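Q: Take this structure, written in structure tokens, and hold onto it; I'll ask about it next.
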Amino acid sequence: MKFEDLLLEIGGFGRFQILILAVLCLLRINLPMHFLLHNFLAATPSHHCAIPHQEAFMNLTMEEVLLISIPQKPDGTFSSCEMFSQPQFHLLLNSSLQPENKSAIQHCHHGWVYDHSQFTSTISTQWDLVCEQRGLNQATATFFFSGVTMGAMVFGYLSDRFGRKTMLQLSLMCSVVFGMLSAASVSYTMLAITRTLTGVALSGLSLIVLPLGMEWVDVQHRTFTGILTSIFWSIGNMLLALAAYLVREWHWLLVAVTGPCVLSIICLWWVPESARWLIAKGKVKQAHRHLLRCARMNGKKDFALWEDMPLTMYAQRIVLQREYKNMGGSYSYISLFRTPVLRKVSLCSGVVWFGVAFSYYGMSMNLTGFGLSIYLSQFVFGLIEIPAKMVMYVLVNRVGRRQSQAWTLILTGLCIGANIVIPKSFTSLRSVVAVMAKGFSEAAFTTVYLYTSELYPTILRQNGMGYTSFMARLGGSLAPLMFLLDEVWQSLPEVAYCGVAVCSGTMAFLLPETLNMRLPEGIEDIE
């Protein structure tokens, strides 16, 4: 007997499953508020070199002071990283003239002056992470995603060993502790360390929520579950825009986005451990208790009256079947590559996850150049994800998982590529194409979460999700660093995002289709 048969006996998808999903969806709101926080935490407002002895120019306007003190770029804007060593008063007569000699231009030696109209304080303005230190500013996102990468491997293994709920509780508690420590950071080093540890902690939440929900629903509602939990990521995305708009000081913004994790810990106590996992581990009595609770809440009174029969018999039969098939073997990440089909699935899904995350975070962290404020861009990018998910709900059930995964990635890359050739002055057209790219990218992310949870057998599902999450976070870690390539060629970051998205999309065609298939229990089920 398969676990899906047991779920159907106790109500399939009823009130019990709805309540579980409601709590898990609330938990998922926490993720984008930290994963995309870099957009506001490390935002760099307009700035220029601090001008020493500025009081000596009291008879000049601010524009004139800048004109004689700061070099101009070809587009007429003032340089952010250079200044004149001596005031160039002759530029007051003709601003198109050149400085008196090349040695008149130097780097900023007296700090910077920032435009605080949009941000009261960011880590960029607090520690002057601009110009030569710009790489450290982008590295804060890389530190966070490196933590998520490490945590994916750790929580993937631990949740298979010690249970989904236990690790989910640990993830949330650690997220609160390290999130608050990040808010209290007094140096860049402290922030880098605490943000890395926050990433490690949040990876558990990212990794476990969907599989835990999936393991409590029947085959017919798996797609619905995946789409529903994904929608709450988009809601969190939009709430981040609201929080950042209201709280413009980075210390308090970190407190604002970490606080909901405390509420999540309180809500989580009601969610039961995965009965599927308990049975797979031979913990029949605990699974029996949760299954009876499910039966009662779903109105299956015939089962609720029989405390010992027939649920215990069903559970024991499943355990016996598993023991017969797996002979009590233990599994690790190496097991993902031991058999031919599983090896192919793991290699291809790893590439797909890398491409999905690399292109998604590349676009999500580039909110400028579209004629909108950074807050509105963040909100719109989150809003467009919801209809994209709705469309995917239909497509993955009609077209299938494989085709949906492949084409959403390829179209993401094509839209990114289109914006490379569209002139900067066409802000409206660029905005439309960027929103389309964001929609396709989110559709790809929604599909890959659902798809991957169906590709791996129960005994390796969390290991598989841990491995693919590792690949995704590797892509997420590298994505913000690509922005530094604009010093080589302004469009090089977009070329990288485009190329990776298209290549990973073609790899998705090599994965097996899982539409309307039972979740595999053991390795033999997919070989």
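Placement of Cβ uses the backbone N, Cα and C atoms for every residue, glycine included.
In case it's useful when we look at the structure, here is the feature table from TrEMBL:
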- 87-516: domain 'Major facilitator superfamily (MFS) profile' (DOMAIN)
- 12-31: transmembrane segment (TRANSMEM)
- 139-158: transmembrane segment (TRANSMEM)
- 170-191: transmembrane segment (TRANSMEM)
- 197-217: transmembrane segment (TRANSMEM)
- 224-246: transmembrane segment (TRANSMEM)
- 252-271: transmembrane segment (TRANSMEM)
- 345-363: transmembrane segment (TRANSMEM)
- 375-395: transmembrane segment (TRANSMEM)
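Buried or exposed, and what's around them? Tell me for each listed feature.
A: When pLDDT values are averaged over the domain 'Major facilitator superfamily (MFS) profile' (87-516), the model yields 85.
Under 8 Å from some Cβ of the transmembrane segment (139-158) lie the Cβ atoms of residues 34-35, 38, 41-42, 123, 167, 171, 191-192, 195-204, 206-208, 332-333, 361, 365, 462-467, 469-470, 472-474, 476-481, all in the same chain and six or more residues away from its ends.
Counting only same-chain residues 6+ beyond the ends of the transmembrane segment (197-217), those with a CB under 8 A from a CB of the stretch are 7, 13, 16-17, 20-21, 24, 27-28, 30-31, 34-35, 143-152, 154-156, 159, 164-165, 167-168, 170-172, 174-175, 177-179, 181-182, 224-226, 229, 271-272, 274-277, 294, 449-450, 453, 458, 461-462, 465-466, 469, 473, 519.
Within the chain, the transmembrane segment (224-246) has long-range Cβ neighbours (under 8 A, six or more residues past its boundaries) at 21, 24-26, 28-33, 36-37, 39-40, 209-210, 213-214, 217, 253, 256-257, 375-376, 378-379, 381-383, 385-386, 389-390, 392-393, 442, 445-446, 449-450, 453.
Within the same chain, residues 19-20, 23-24, 26-27, 29-30, 33-34, 37, 40-41, 165, 168-169, 172-173, 175-176, 179-180, 182-183, 212, 240, 243-244, 246 sit at least 6 positions outside the transmembrane segment (252-271) and bring their C-beta atoms closer than 8 Å to a C-beta of that stretch.
Tertiary neighbourhood of the transmembrane segment (345-363): same-chain residues 35, 141, 145, 336-337, 381, 405, 409, 412-413, 416, 434, 437-438, 441-442, 444-445, 448, 451-452, 455-456, 464, 467-469, 471-476, 478-480, 482, 493, 496-498, 500-501, 503-505, 507-508, 510-512, 526, selected by CB-CB distance under 8 Å and a gap of 6+ residues from either end.
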Q: Quick test of the contact rule: Cβ under 8 Å, at least six residues beyond the ends. What residues does that give for the transmembrane segment (170-191)?
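A: Here the qualifying positions are 27, 30, 34, 123, 127, 129, 136, 140, 155, 197-198, 200-205, 208, 251-252, 254-255, 257-258, 261-262, 264-265, 268.
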